[in-house]
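Record features, source Swiss-Prot:
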- 1-158: domain 'Obg' (DOMAIN)
- 159-334: domain 'OBG-type G' (DOMAIN)
- 165-172, 190-194, 215-218, 285-288, 315-317: GTP binding site (BINDING)
- Ser172, Thr192: Mg(2+) binding site (BINDING)
Amino acid sequence: MFVDQITLELRAGKGGNGVVAWRKEKYLPKGGPYGGNGGNGGSILIEAVTNMYSFEEYRNLSFLKADDGQAGASNNRTGRNGKDLVLKVPEGTLLRDAATGELIHDFTKDGERIVVCQGGRGGKGNVFFKTSTNRAPTKATPGKPGEIRLVELELKLIADIGLVGFPNAGKSTLFNTLARTEVKVGAYPFTTLHPSLGLVHQEGMLYQKPWIMADIPGIIEGASQNRGLGLDFLRHIERTRLLLFVIDISGIERHSPEQDLKILMGELLAYKEELKDKDMVIALNKIDQLLPDEREERVALLKQQFPDQEFILLSGLTGEGVDALYDLFKSKLSE
């Protein structure tokens, strides 16, 4: 299950209590205080990792707790510190305070780690309170409670390429062709119900770093007002380096390619106007279903209405035009 939003209560460990104890040895009848300090409670940290793409493993949890510190002991022994709890999250995770909505941290890199809840300090044993005027203190202090925090985790996928388009535009078929995977494909809206990630290797380039591609669920008119799958997945578009609009040029589904592209761009800009500054390419898909003359006519009309856009013709089903798309990725995404 793809889980990209979750609320959790995080509870750091309590510090162990300090103890009152006395040194008891045969030749030291007045051995003095000998009670040790309590150990510190475990803290809760959050760390971003690669190869994790959802919060699925936390979906049935309401809270997470680090270990408490152990109490001190006689012989001036300090209690064991509680073990820290490290919460692993995907790159692209936003951490917010659930009570205030304040952004605590934006995790964008593998290995990025912060302390979210500090463990409580251990209490002091009676050895700590020994002074020149108080040689036999009977005081010890309890451990401090650990911090408790209610947090929200929200994922914005980080990918090189984001596939966006209307339901049934052929995104999933194209995704399968490019990533050599098997995302579910079907002839009904919203076949893709959650973002899918794949690695794109060009033929003969298997030893170079692949591109990460995200297949974003189908967008419909009104998505920016949360219709359809709406805002749940539009946010995953924000962090992609290249937006690949997949448009059904065949007209078989009674779509107008020009109208589809106009609505699609309008929805993205209504969601966040800054998306207009992203690198975009328009993939005119399903060309295998058109005669050459029909292709030329429809492409000419699109270029006339969208003169500033870059178009590429292809078929996710037959693979026609895919090599040219690989070359385009290479030119756009090379560092």
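The chain as shown is numbered from 1 upward.
Glycine is treated like the rest: Cβ placed from N, Cα and C.
Here the structure is a predicted model, which means the values were calculated and not measured.
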Cα-Cα distance linking Ser172 (Mg(2+) binding site) and Pro217 (GTP binding site), given in Å to the nearest integer: 9
Averaged pLDDT, computed only over the residues in the domain 'OBG-type G' (159-334): 79
Cβ packing number for Ser315 (GTP binding site), 10 Å threshold: 22
Cα distance (Å, whole number) from Ser172 (Mg(2+) binding site) to Ser315 (GTP binding site): 12
Packing count at Gly165 (GTP binding site) (other Cβ atoms within 10 Å of its Cβ): 26
Surrounding CB atoms that lie within 10 Å of the CB of Pro217 (GTP binding site), all protein chains: 26
Among Asn168, Ser172, the one of these binding-site residues whose Cβ has the fewest neighbouring Cβ atoms within 10 Å: Asn168
Fewest other Cβ within 10 angstroms of its own Cβ, chosen from the binding-site residues Lys171, Lys286: Lys286
Distance, Gly165 (GTP binding site) to Ser172 (Mg(2+) binding site) (CA atoms, angstrom): 10
Where Asn168 (GTP binding site) falls in three-state DSSP terms: coil
